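These come from TrEMBL:
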DOMAIN    B:157-278  domain '3-oxo-5-alpha-steroid 4-dehydrogenase C-terminal'
TRANSMEM  B:92-112  transmembrane segment
TRANSMEM  B:124-141  transmembrane segment
TRANSMEM  B:162-181  transmembrane segment
TRANSMEM  B:193-211  transmembrane segment
Amino acid sequence: MAGLAILKRIYLAVYNWVVFAGWLQVLYWAVQTLRTSGYEAVYAAVERPLQFAQTAAILEIFHGMFGLVRSPVSATLPQIGSRIYVTWAILWSFPETRTSPIVSSLVLSWSITELIRYSFFGMREAFGITPSFLQWLRYSTFYILYPTGISSEVGLILTALPYVKVSEKYCLRMPNRLNIAFDNYFATLFTLASYIPGSPYMYTYMIGQRAKALAKAKKSA
Amino acid sequence: MLVTVTSRSRKEVVKGGIQLSENATVKDLKASIHKRTGNLYPERQRLSLPLISGQTPPTVLDGDKRLCDVFPEGSNHIVILKYLGPQVKYSTLFFFEYVGPLFIYAMFYFLPLYKFVGLPEKQVIYPVQTYATIYWCFYYFKRIMETFFVHKFSHATSPLSFVFRNCCYYWSFAIFIAYFVNHPYYTPVGETQMYIGFGLGIICQLANFYCHNILKNLRDPKGQGGYQIPRGFLFNYITCANYTTEIYQGLGFNIATQTVAGYSFLVVATYIMSHWAAFRCLVQK
């Protein structure tokens, strides 16, 4: 159905550019604040656009599930999962982490990566062009930005750990009628552990994607 | 006849092909392939016919069929070989799946494990916790016995990787449930509810055992395999009554013990069994 295909394209074009605008704000305010006030104030300056842009990404899981985009859910889920976790379960839930310098490295890594990614897809959906420079950026900057982003995520979770333990936030204790308990400290440790297999998996996935993209570009050149 | 054996990328697996008698079966072909290659055990071979354009699932060759029946008229006799990797018997797979929960649950009931997570040891053990342990352990013991003495399996083997994957599923849920039912701060339900729960569970386990026996008697003693529609007892009303009784016995256990852990296991297991049942319904139609 041609109509459906056009609708899908308009939706994806709008989605990508709107989220791009969100990340642009994040980067702008992060850089501005670093220049004027210093790293402790970065979170406060970027909080709203960051939460908006990062949470919107949840839609991408459904894009993959319903075949709107080709990305497999197995690659999008861990990425979005860790981002949402750090944004809400760490930064928003534990204000003590917000003044850390790691927030700056996190926000810069995320925003630069996402600006490249969303503009790349936005160009493709809205204008049908895939500028080779953008494509090169998309499949090369991750070599640096994935390690810096992942280390920042892990660093912030580690920073939050003592506060997680002491505050008992989100913990569910027994006895209760449903005979269920949840220990946030244990869960946080488990999440940290998941970065050990998770990071190489995501990194090598991107390396594979890069090889595929470059091979395709070579063939059509 | 001469049969050419190639891989999926059309490279010849056995140089020069295999010479077989006119009456040879697929099983004979697999045995010859094994003899010629040395390491390709028959269970690790999946033989299929070359894909006709547009065809998606390949035509897999069944062991007992004669080769002359399998090849279409006037074709070159080519089979495609897919290497399935190390295989295990279904009974082996099931045994490891079930032996884990049997011992894991008992460990949480008998051993002072909770001190390792900083909890005090149980001051009191409720009757429901004792009955739950007996019920759960008997349930997995029954499953193991059925694996070796009741079930007749269709395909000979399943991939080795399934052992790891399936044991993760069964053993993780066993730990999850055993941890909460035997927890020092466990809150039991009322006595009536407990009896209703275990009563339902026992009745369904008996019904389930009877269903398994009906299914066992369906299979041809010569091991012909293939699917047949079960009749009698609950099968007159429900397609996969063995799964239904399985689900309701799980419900019984949960009514008696009431944990989020137990109910979540029930939900996942029901979801998985629904998929199997849907597949079976499709095949039987």
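Numbering starts at 1 and runs along the chain as displayed.
Here the Cβ of each residue, glycine as well, is placed from N, Cα and C on the backbone.
Within its own chain, the transmembrane segment (B:92-112) has Cβ neighbours under 8 Å at 121, 129-130, 133, 136-137, 140-141, 143-144, 147-148, 151, 158, 162-163, 166-167, 169-171, 173-175, 177-179, 181-182, counting only residues six or more beyond its boundaries. Among residues of the same chain six or more beyond the transmembrane segment (B:124-141), those with a C-beta under 8 A of the stretch's C-beta atoms are 98-99, 101-102, 105-106, 109, 177-178, 181-182, 186, 188-189, 194, 198, 201-202, 205, 249, 253, 256-257.
Summarising model confidence by region, the domain '3-oxo-5-alpha-steroid 4-dehydrogenase C-terminal' (B:157-278) averages a pLDDT of 89. As a summary of secondary structure, the domain '3-oxo-5-alpha-steroid 4-dehydrogenase C-terminal' (B:157-278) carries 89 helix, 3 strand, 30 coil according to DSSP.
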